[in-house]
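Read through the structure below, which is laid out as structure tokens, and then see the notes.
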Amino acid sequence: MATLICPEEHSPVTDAEAIRKACKGWGTDEKALISILGHRNASQRKIIRKTYEEMYNEDLVKRLESELSGHFEKAVYRWMLDPQERDAVILHVAIKEKPILDYTSIVELSCIYSPRDFLSVKCAYQARYKLSLEEDLAQHCTGDLRKLLVSVVGIYRYAGDEMDAKLAKYEADVIYSAIKSKEFNHEEIVRIITTRSKTQLRATLNRYKDDYTSSLTKHLRDDGEKTANAFLGALRTAIRCSTYDPQAYYEKVIRHALTKSGTDEESVTRVIVSRAEKDLEVIKELYYKRNSVSLDHAVSKHTSGDYMDFLLTLLGNKN
């Protein structure tokens, strides 16, 4: 269930004129921009971009980039992109993160999306950045982390519901044997986590927990170097994204982003902007059940200004 509130019909010409007016003169009228763009779905925004360019011979996204700033600019910029293009940008930003790339966003998209949907994102990445996602990723990480991430973005998983119980038992034992020997980077663990269908992987991990009285994610913890922890963190994220319900996963992401020391605006923006037209209403309900406070309230408490107003608009806040 989406939270986005938008009209069934709108005039792209009127919208383009209003946006142009909001961006002219002394100072930008951010409230006017939010009132328009925060209430238009992806297809409507695409038409507005096209109409604006035809009317004013100017790229609307670039104009908004020059007019806005900070977290508000980043949120609006991503909102205005086509969904696949937005995801490509998220991946690119994650890969360029220093000193270690942001594996969370990379694993998140590759494991939560269907194989077909993620392939569309990879095509958008290649078109935008003129190289493959795998190629770019391999250039920006090394060792076990590179092996894991290149594998997880490169595979086209089987998406069916078939499950082999004997295979689940066998592979649970294989994983435990490696864990018992502290071989967290064992090639069989990486192979199973990155190539098995979600249905088969859930069966294997359930069998692992039944037979060895603990979840695999709890066993995949070690006090090592930061890069080693990045590998294990990415592996745990791949397990969660492949086996959790997406809404439960995103609730956890935004909860941590809003409760940790200092708000993680990157994660807050990613979840709200990317899920507002999909299932953000469900994520909001899960957030309230878990925290006994609304997501709207939490966002208003931990963000401010036009950035806050824009996020609350996407959350369906009518005030």
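Even glycines carry a Cβ here, placed using N, Cα and C.
TrEMBL entries are annotated by machine, without manual review.
TrEMBL lists GLY25, GLY27, GLU67, LYS260, GLY262 with the feature Ca(2+) 1 binding site.
Marked as Ca(2+) 3 binding site by TrEMBL: THR303. Of all the Cβ atoms in the protein chains shown, 22 others lie within 10 Å of the Cβ of THR303 (Ca(2+) 3 binding site).
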Count of other CB atoms lying within 10 Å of the CB belonging to GLY262 (Ca(2+) 1 binding site): 7
Sparsest-packed of the listed binding-site residues (GLY25, GLU67) - C-beta count within 10 angstroms: GLY25
C-beta crowding around GLY27 (Ca(2+) 1 binding site), within 10 angstroms: 9
